[in-house]
Amino acid sequence: MVRSILLSLSGLAALWYLQGVLESLRSLFIMLLVALFVSFAVEPAVNALERWNIRRGLGTALVFLALLAGLGGFGFAMGSLLSEQVTELNDNLPGYLESIDEFLADNFGIENATTDVRANWDTGALAERLSGFADDLAKFGSTVANVLFQVFTIGLFAFYLVAEGPKLRRTVCSLLPQKRQKYVLEIWDVAIAKTGGYIVSRGVLAVIAAVVHWAAFEIIDLPSGLALAIWVGVVSQVVPVVGTYLAGALPVLIGLIDEPASGLWVLVVIAVYQQVENYILAPRITSQTMAIHAAMAFGAVIAGAALLGVVGAMLALPAAATLQAVISTAAERHEVAEDLLEASRERRKLKN
């Protein structure tokens with residue numbers, strides 16, 4: 001009896017310790033998962049370079065350098081834009097407050113609505129806070145360092161997963177019987193194809209969105225039109241479900257600050273383009289690269305967000321497409337009995 005109790009307590013203690021270990025390693029597992037999907041997305045490009053007689057290690061390095069240059073350029077453009085807009089707001093805020101006062105006084109009879117804000121501005125308190133905002137963006141400290149470390153870790157894992165991909169597959173298959181090897185390699189190939197297709201479809205839609213919005217922003221005469229168009233193109237495609245709203249908020253806000261009418265026109269452009277993308281562009285492009293039902297995509301994003309937060313939401317669509325392809329490949333399909341379907345329809349008619 002005592003021995004059984006001791007064994008039970010030892011088992012519970014071991015489970016508690018194992019739970020703590022897994023919780024401590026959770027961030028590492030998430031980074032490995034992200035690195036795996038990044039490697040799936042990058043591998044088709046590396047394979048193409050390998051077919052052009054470029055060594056796999058060198059091809060992997062070239063692809064990752066191109067990705068790093070693209071991300072660095074995007075970050076620099078967005079940082080410059082944000083700093084510029086904060087500085088402009090700092091310089092023009094007194095004029096904006098005066099315009100608001102005039103509008104409220106002329107239309108609603110409200111006098112000196114922004115007196116307190118203008119008093120703070122005149123004393124320099126508000127101006128000092130706004131002026132220091134651009135500098136504070138560079139002072140995230142440990143948070144920025146942690147993010148950079150995670151990005152570096154993911155990139156390092158992804159680099160080795162791609163560069164050593166064939167060796168890794170051979171090692172995994174050597175641990176399995178030959179019948180299992182076939183299924184593992186098929187699933188691996190499907191994951192690469194679907195993730196690559198997802199990246200291609202998102203990339204094509206991002207380029208189209210950026211070009212269309214750039215042209216529209218230039219016509220509207222929106223400040224920093226190119227940088228904002230790139231922002232809309234990238235964020236609307238990278239962030240599932242809510243990406244469009246996050247992407248559209250910044251150009252609308254900048255348009256409203258510059259000229260209220262410009263902000264409204266930007267809102268109209270984004271809304272109209274979104275409908276065109278949802279009902280015309282996206283179905284045609286994704287049908288060629290990564291076909292997935294809209295309901296399944298929405299459910300996958302919710303499930304991914306619930307499990308892994310933002311990372312899970314971003315990985316949900318390629319994971320769902322891979323799972324859908326694996327199930328459709330492995331599942332056995334049978335001929336549909338049309339007479340039974342017809343009989344079922346007749347029974348429903350009689351009940352109604």
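Glycine too: its Cβ is placed from the backbone N, Cα and C atoms.
Any TrEMBL annotation is an automated prediction that lacks curation.
Positions annotated as transmembrane segment by TrEMBL: 30-49, 61-82, 140-162, 206-231, 238-257, 263-282, 294-317.
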Next on the checklist: Does the transmembrane segment (206-231) come close to the transmembrane segment (263-282), meaning at least 3 CB pairs under 8 Å for residues 6 or more apart?
Outcome noted: yes
Checklist outcome for this item: Among 30-49, 206-231, 238-257, the stretch with the most Cβ pairs under 8 Å to the transmembrane segment (61-82) is 206-231
Item to check | Segment proximity, the transmembrane segment (30-49) to the transmembrane segment (294-317), 3 or more C-beta pairs under 8 Å | outcome: yes
Checklist entry - Are there residues at least 6 beyond the ends of the transmembrane segment (238-257) whose Cβ is under 8 Å from a Cβ of it, and what are they? => result 85, 88-89, 92, 96, 202, 206, 213, 217, 220, 222-224, 228, 231-232, 263-267, 270, 274, 297-298, 301, 313-314, 316-317
Next on the checklist: Are there residues at least six beyond either end of the transmembrane segment (30-49) with Cβ under 8 Å to its Cβ atoms? List them, or say none.
Outcome noted: 56, 58-60, 62-64, 67, 150, 153-158, 161-163, 165, 191-193, 195-196, 198-199, 308, 311, 315, 318-319
Checklist entry - What else in the chain is close to the transmembrane segment (206-231), if you only count residues 6 or more beyond its ends and a Cβ gap under 8 Å? => result 74, 77-78, 80-81, 84-85, 88, 237-238, 247, 250-251, 254-255, 258, 262, 265-266, 269-270, 273, 277, 281
